[in-house]
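Contents: one structure, followed by commentary.
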Amino acid sequence: MNDSHSSSSDSASMAANDQNVGRSRRSGSGDQTLATDIPRHWHDIFWLGVFLFHLMGLALALAVLGLNRFKKSDRFNFDRYTSNTTGTVENSHGLTEDYWPMYGLGGGVGTLLGWAWLLLLGWQANHMMKFSVHILTTYLAVVSVLCFWSEQIFWGVTFAIGAALQFLYVISVIDRLPFTMLVLRKAVKMVWSLPEVMRVSYAFMLVMLLWMGLWSFGAAGVVASNIDLSGRWWLLVVLSLSLFWTGAVLCNTVHVIVSGMVFLVLIHGGREAASMPPNPLMKSLRYSVTKSFGSICYGSLFTAAIRTLRWEIRGLRSKIGKNECLLCCVDFLFHLVETLVRFFNKYAYVQIAVHGKSFNRSARDAWELFQSTGVEALVAYDCSGAVLLMVTILGGLITGTCSGVWTHIKWNDDRVSMVGSTAMLMGMVLVGLAMVAVESAVTSIYICYAEDPLLIHRWDAEFFNQLSEALHQRLQHRSARAREVLTHNRFNVGIQGTVPV
């Protein structure tokens, strides 16, 4: 028995190594091909214009909304447009400066959490990730209880459902967490070996914090306004969607910068290699905020939503069992989302950083590269993106709780949920900016492994062997499932053939 197991393990390693060598040969000249300084062109300029126009228009709107109730009630006499819905000025909810400090607290807490997580990940990455995965369910449940206690029934039910879904998701992927933690540890190791990458993350968090100063000024003006409850909520939803897009653009800009740096380090065999080009960080930064910025703005609109939907459908699909009707419906959604993933995936940003392509072409090329080499099996098995999202959500919840509790102490009404929910979004954006450096390293590692596995072997031979073994196991698992489905279908066809008409 032991001999057969050893023979199987040896054959798995040999198959993985043969596949890796084949992929290395297909990649052409290896380092020389990947290191070529390709001329860059402007891409997705339309979306660049849309984003900048949206940013300038929103900045003006935020300034007006905040100034309308700053130190003076209804400075621009907007109440005459809302008098039909609010009736009298007795419904006034205060001034902008009454709520701005609460958003300031949220921005400060989010920034501190983002910086703290980056520092703690470098110290104890494995423990911090495990802590985030398991504490999020508890924190969601606690926030749900607090909402019920404050008679915020809608938010209580929402967070209770969130806690249940989080628990079910962790249970469904518990067997994948060891491999996920391995990849995340190596990504953290890569990020911490590049101090300039850490400085980029900190700098972009400060840029986001400055924008949030203006954004929260306008949001505080909306909360303090004389508009009816539903009108204020709709305005806050619009402002939140704008903040989400702006935050995603900044996160993906960092993604492109970090991916370019990680790719260069892996190609040249180290940060201190003599072949490293001068000022690689500034070159990557310049490309990301000029010629590649339109592609970043475009991809930021859809990538996060499609990726989250893909995680949920994958988890649901694996738990359905033999309910053929439900499985058919979920399979239809699964294939639809998989088609969208070909054109909107986070691995596109690595291709943008390295090759300067448009977003859709980068996403398509990255996905075809994964599927042609079989690395897509590892990507589908890995949960690093979901784990980092849990860290982001936890940071947002802590931020929203701090601002919400302060608002509850001063006013126990609908303003608590308004300030708390929008502050939570601020915290998620700030913590997400800190986490994106690690996620960029993960995506770059997978792209490099698919392009030329020897790049990973030269960087960390032990990690290369672990990736190769995991890839072989996942491909074997998929082959076994495919044979099982094929056998089941043939068996059903055989039974139907024996039934008399």
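Using the three backbone atoms N, Cα and C, a Cβ is placed for every residue, glycine included.
A TrEMBL annotation is a machine prediction, not a hand-curated record.
Given the ranges 323-343, 386-406, the record in TrEMBL names 386-406 as transmembrane segment. The transmembrane segment (234-267) is in contact with the transmembrane segment (426-449), judged by 3+ CB-CB distances under 8 Å for residue pairs 6 or more apart in sequence. Sequence-distant neighbours of the transmembrane segment (45-67) (same chain, 6+ residues past either end, Cβ-Cβ under 8 Å): 75-76, 96, 100, 214-215, 217-222, 225, 235, 239, 242, 245-246, 249, 293-295, 297-298, 301.
Tertiary neighbourhood of the transmembrane segment (154-174): same-chain residues 133-134, 136-138, 140-141, 143-145, 147-148, 180, 311, 315, 318-319, 383, 386, 390, 417, 420-421, selected by CB-CB distance under 8 Å and a gap of 6+ residues from either end.
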